[in-house]
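Asker: Reproduced below are the annotations present in TrEMBL:
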type	residues	note
DOMAIN	176-437	domain 'SAM-dependent MTase RsmB/NOP-type'
BINDING	Cys268, Ala269, Ala270, Pro271, Gly272, Gly273, Lys274, Asp292, Asp319, Asp337	S-adenosyl-L-methionine binding site
ACT_SITE	Cys390	active site, nucleophile
Amino acid sequence: MSDHATTDTREIIVEILLSLEKGQDFSHKLMKAVLDKYDYLDPREKAFIKRVTEGTIERQLELDYYLDRFSSVPVRKMKPLIRCLLRMSTYQILYMDAVPDSAVCNEACKLAAKRGFRTLKGFVNAVLRNISRSKKQMPLPDPKDTVKHLSIKYSMPEWIVNLWLPAYGREGTETLLKGLLSIHPVSLRFSTELTEAERESLAEKIEKTGVRLQQSRELPYVYLAQNLENVSELPGFAEGKFTVQDASSALAVEAAGICPGNTVMDLCAAPGGKTILAAEFAGEAGHVVSRDISEYKTDLIRENLERMNRRNVEVQVYDATVHDPEKEKYADVVLMDVPCSGLGVMGKKRDIKYHATPESLQSITELQRQIVAAGWQYVKPHGVLLYSTCTIHRGENQEMAVWITENFPFVLEEERQLLPGTDETDGFYYARLRRKA
Ligand SMILES: C[S@@+](CC[C@H](N)C(=O)[O-])C[C@H]1O[C@@H](n2cnc3c(N)ncnc32)[C@H](O)[C@@H]1O
């Protein structure tokens, strides 16, 4: 990516980083709002804003480690604007070859002066030029200290590294950490009602717009898209021929084994990814009850159902932690895609790792248990409970499946933990549990 960015563009990035420091929102939401606001900018400038902002956020622990070594003032004591400016400039020096280091330093000094820190221009310049000179051998913690080394190298809080090391070992954890930092293409899930020839012809039309598509290894109707600016402008989107859905999420619905004519309940359904695929599998003779906690959330489901032309779905606002006696033994398949810690989607929601805490994992596990306890009875005898999360945490995943079999009349038939770096998907878990009687 070459440097088309002006001082004003870089100022937008600093503003986003400053808002995030104040805890004003999650980065993916703020990013979308900012790109909508500056929609008039040149696409290359928008791409620059996205790349630098997201890169700076996801590499923050690593960048701070370097800054603490190259600056006389510790990162935590810097003025917030200077801190954000140095982080995003260091990211450009280390990770964006096409932007000359001298331009990064000059632009940073200009921006510091523009924002009232003229006296700190010399400091900013000295820190960045030092980093630029040493960029081939940046210091990292001793590899013998596995946790600290991996934490800084892959910018992951130590407690999360500690959570994964016992489950995946050093090599497996490193593969996972690397996978989370790699490029994450947008995943397009084509309607399963299209024939193979129709799918291929649509894929060709999409590629003519400049988007690069690669069929997923996991499912023939999922394509990974690179170079994608705006999904809603692609041919076929408005006609409901595809939706944005990760292969892992579609695999979970596949694992539920929904047959034409089945009755399905989706208890935590917004924005509707799994509901729509379940409705395709159940067909016109089947029926899906799709629930979420608020009007706002259920409106998102309705919007997507409308675009994807699904009519066999009933959308309801309903709190999944409250038992609904009317639905006992109602469904062949109950989807419980529960709220979770989201550690599997950190590649797309880059600041989840800084917000999550061991305590928040504990309380989310409690909520998941409440949802299961309130909803297991909706499954007909010999029917399926499909439990899933987009996280990588045994307490919310494998241990939860065991807890279900120990407390309710279910047997575990299949479970799968998908891992970035190993699988070309988000981190995702699902378990198919069959009701005994
Ligand atoms: C992982 S997301 C669901 C994604 C969705 N299944 C899909 O495939 O598009 C979890 C959902 O649970 C919903 N949720 C959280 N607490 C809930 C509750 N008590 N009752 C119902 N839904 C809830 C959230 O609003 C969120 O939409």
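Every residue, even glycine, has its Cβ placed from backbone N, Cα and C.
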Asker: Give me the CA-CA distance between Cys268 (S-adenosyl-L-methionine binding site) and Cys390 (active site, nucleophile), in Å, as a whole number.
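Answerer: Answer for this pair: 13 Å between alpha carbons.
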Asker: When a 10 Å sphere is centred on the Cβ of the residue listed as 'active site, nucleophile', how many other Cβ atoms does it contain?
Answerer: 27
Asker: Round to a whole number and give the Cα-to-Cα distance in Å for the pair Asp319 (S-adenosyl-L-methionine binding site) and Cys390 (active site, nucleophile).
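Answerer: That separation, Cα to Cα, works out to 20 Å.
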Asker: When a 10 Å sphere is centred on the Cβ of Lys274 (S-adenosyl-L-methionine binding site), how many other Cβ atoms does it contain?
Answerer: 24
Asker: Which whole-number value in Å describes the distance between the Cα atoms of Ala270 (S-adenosyl-L-methionine binding site) and the residue listed as 'active site, nucleophile'?
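Answerer: About 14 Å separate the Cα atoms of these two residues.
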Asker: Looking only at Cys268, Ala269, Ala270, Pro271, Gly272, Gly273, Lys274, Asp292, Asp319, Asp337, which the record lists for S-adenosyl-L-methionine, tell me the maximum pairwise CA distance in angstrom.
Answerer: 19
Asker: Compute the C-alpha separation of Lys274 (S-adenosyl-L-methionine binding site) from Cys390 (active site, nucleophile), stating it in Å without decimals.
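Answerer: Spelling it out, the Cα of Lys274 (S-adenosyl-L-methionine binding site) and the Cα of Cys390 (active site, nucleophile) are 13 Å apart.
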Asker: At the level of the C-alpha atoms, what whole-angstrom distance separates Gly272 (S-adenosyl-L-methionine binding site) and the residue listed as 'active site, nucleophile'?
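Answerer: That separation, Cα to Cα, works out to 15 Å.
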Asker: If you average the pLDDT over the domain 'SAM-dependent MTase RsmB/NOP-type' (176-437), what number do you get?
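Answerer: The answer is 96, the mean pLDDT of the model over that range.
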Asker: Just checking, which of Gly272, Asp319 (binding-site residues) has the fewest C-beta atoms within 10 Å of its C-beta?
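Answerer: Among the binding-site residues Gly272, Asp319, the lowest count of other Cβ atoms within 10 Å belongs to Asp319.
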Asker: Could you tally the C-beta atoms, other than its own, that fall within 10 angstroms of the C-beta of Cys268 (S-adenosyl-L-methionine binding site)?
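Answerer: Cys268 (S-adenosyl-L-methionine binding site): 21 neighbouring Cβ atoms within 10 Å.
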Asker: 10 Å Cβ neighbour count around Ala270 (S-adenosyl-L-methionine binding site)?
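Answerer: Its Cβ has 22 other Cβ atoms within 10 Å.
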